[in-house]
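Structure first, then comments.
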Amino acid sequence: MDNNSDNNSEKKQSSDDVGVAKSSAAPAAIKDKAVDQRQLREFNEWLARWINYQGLLAKYWKTRAQYEQRLAAGDVAEKTSSSSSKWDIRFQELCEYKNDHGNCNVPSGFVYKYKPHLGTWVKNMRRLKKAGKLEDDKVTRLAMIGFEFVKASTETIAFSAAWHASFLQLKAFKDRHGNIEVPVGYLMPNNKKLDQWIDRQRRLFRGGKLPAELINKLEKLDLNLRGRGRPYGLGTPEWIEKYKELTVYYAANGNCDVPDDYEANPALGEWSRRQRDLYKMEALPGDHFKKLTELGFNFVQGKKKEAPTFSLWATRVTELEAYKEANGHTDVPRSFSLNQALGAWVHQTRVAYTEGKLTDEQIEELEELGFEFKLKKMRPRQARVWERNFAQLADYKEKNNGSFQGLRTDNPHIGEWLKRQKRYYRENALKQDRFDRLSELGVTFNEAPERKPPVILPWETQYGALVEYKNAHGDTNVPSVFPENQSLYHWANSQRAAFRSGRLSEERIHMLTTIGFDFSTDKAIRKGKPSKGKGFLCPAEFDHYFQKLLEYKTSNGDVNVPQRYNQDRSNLSPTFSLGTFVHYMRLYYKTAKLSSGYISRLQEIGFDFDVQESLWNTRCKELSAYKEAHGDFFVPYADNPALHQWKNNQIIRYNKGNLPKEHTDKLLAIGFDFIKGPPKTPSTKKPTPSKREPPTGIMFESQENRDQYLQDLWESNYQKLAAIYEQRGSSDIPLKYKDDPSLGAWVFAQKLSKKKNKLSSERIEKLDMLGFKF
């Protein structure tokens, strides 16, 4: 009764407040004439929901106070008597969880404030809602706080009990030591390394898979998520505070170029200038330099031409001027650590130039700086290696009195590197700036020959050259080194490849065949030597094996040569047996790679391209003949083992649906019955007494005693599982649990009963409290 009266008073108060809102908002709408009626109605509806929600919270705190009083008095029976009070307590716990984490997606098995697990309770709410067993008022209250009854899939990782445990370990480390610089291999209670966990959070952050609520938790511990390697933290509290202000500036402006006279935050502009001064004096700590670099801080800031309005283009141009003054060129690496924004801008500018998106004024301005719009792609590591080798070469010259004599002997590595640079120059592959630097160092280069573009000759021209080669040498086997026509060798090989893939026209095949061109792709076969690989179907090879196949048929009566048949191997290809030739003929036939002429010649001598189908037809004829002789299909194994096994296989394949339709039709045509089995004959053997002893077990006087025994057995195993859960934090027990095999079997039985809907809801709820995975 008290609850009902409270609800009625709350509803009355809600309606009164709504009326007040309407009465106060309406004159304002009329006066200003800018408030839309629909927006006003939506606001009033929201206000009504908010007032109702405040009433629910007030009711909860009242119930919570009563619960805590009973808990302090030790009134256990009273404490657990009201299911509604328990639900309200868990609901408020969920509200507090949302305030801390930003959502209601409590992971399964997660203990927030009270036991049993809040995650298990949330899981039960979703299960009850899905089954239609959750009361409407509870559904409404959960929906008001943004509870998701069906969790939406996201690309980010989900908050879990394991993640929270690792986070607490990091927080405890900071509380003890005042920082988060975790030692290498620092073990947590779960035997996992905390430093590796931090590295994984950084990788997830860079991949965009870390949700905002987890990012906020980690940033509250001053973890530098953008960093790689050590240090993990951001530095001193004062430095951290300014660094965070800089990240806010970066998020708003897209860069870290804070003006010196930044009106919104003058201290930040002064701090940014101080970081550049420290860097120039080589007094900036390494961890500070690393964090600023990862954020894209510009340590090489050029002098501004125009102030205070300064465009991004002009900013980058002045930075490029400063880079040129320091390095002598404008080839800023894309991963330039001192100013990553400048490196990215240089790359994007080259792309824009290639696509024709730069204006004439911009191109002219960059050309005045000596900007190269097109550069050969080179990885940063290659550039570093080149610079290191160049420095070693210069050092060698200085120590050797300005001479490179003896370089190949004293330093073979640099000597070989210098030799490659000269070769690159002859091949027109050496960059101009590198050529200039080597020349200034005193390296002499021979003049590079002028490269001529490759000439592609027509097919008829190359064919004529091949005819001339045969007239001069007696064959068409052009060597790989043929000075008179270096492309003829590659052209001949391309004809063989085209013939093999079926892309060579009949006309060209005929023209090549008339001059005795050998289509074999094996050089050894063309030269009459033993082949080291599989032979190919050139006309000479086919004729040879076809003749051997005729001889085999004369001796054996058929052409079904076994694949491992290796007698009388070919003189052309000793390792290519006749059985292998037959195998490839069937393979090429199935893959439509065998020409119609070869197919006709093989069919004329009775060549079987599908042995399996022929064997099936033979067995089918044998079965039909057996029926005509005996009147049934029950072939005894002793009479014909092969036919008996084949018949059984057809029945098995038919029952599994794997027997082809044409085979089924042929068997049905001869009257074959796939269902009827052989007649059973009475056995003449005397039944042997069973050697098994009668089963032993527990005998119960009544059904009640049996049920009580099973209930006690279930509770006993449940207590064992609960003890393991308290010890290990998991109830996942394998079927073959070595410590207690009977417990493993019991756990498996619970999963099976749940799957068959034979497990009571009470037992399911108790198992859920242990985080049981069905």
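The backbone N, Cα and C atoms fix where each Cβ goes, glycine too.
TrEMBL lists 85-147 (among others) with the feature domain 'Helicase-associated'. Averaged over the domain 'Helicase-associated' (85-147), the predicted model reaches a pLDDT of 77.
Under the heading domain 'Helicase-associated', TrEMBL lists 160-222 (among others). Helix first, then strand, then coil: DSSP counts for the domain 'Helicase-associated' (160-222) stand at 39 helix, 2 strand, 22 coil.
Among the features that TrEMBL reports, domain 'Helicase-associated' is placed at 238-297 (among others). Under DSSP, residues within the domain 'Helicase-associated' (238-297) fall into helix, strand and coil as 41 helix, 0 strand, 19 coil.
As annotated by TrEMBL, domain 'Helicase-associated' applies to 313-371 (among others).
According to TrEMBL, the domain 'Helicase-associated' annotation covers 384-443 (among others).
Residues annotated as domain 'Helicase-associated' in TrEMBL: 458-517 (among others).
Marked as domain 'Helicase-associated' by TrEMBL: 540-607 (among others).
Taken from TrEMBL, the feature domain 'Helicase-associated' applies to 613-672 (among others).
Annotated domain 'Helicase-associated' per TrEMBL: 713-772 (among others), in sequence order.
Feature annotation from TrEMBL assigns region 'Disordered' to 1-26 (among others).
The region 'Disordered' feature in TrEMBL is assigned to 678-697 (among others).
Using the rule of three or more Cβ pairs under 8 Å, pairs at least 6 apart in sequence, the domain 'Helicase-associated' (85-147) is not in contact with the domain 'Helicase-associated' (384-443).
In the domain 'Helicase-associated' (458-517), helix, strand and coil residues by DSSP number 37 helix, 0 strand, 23 coil.
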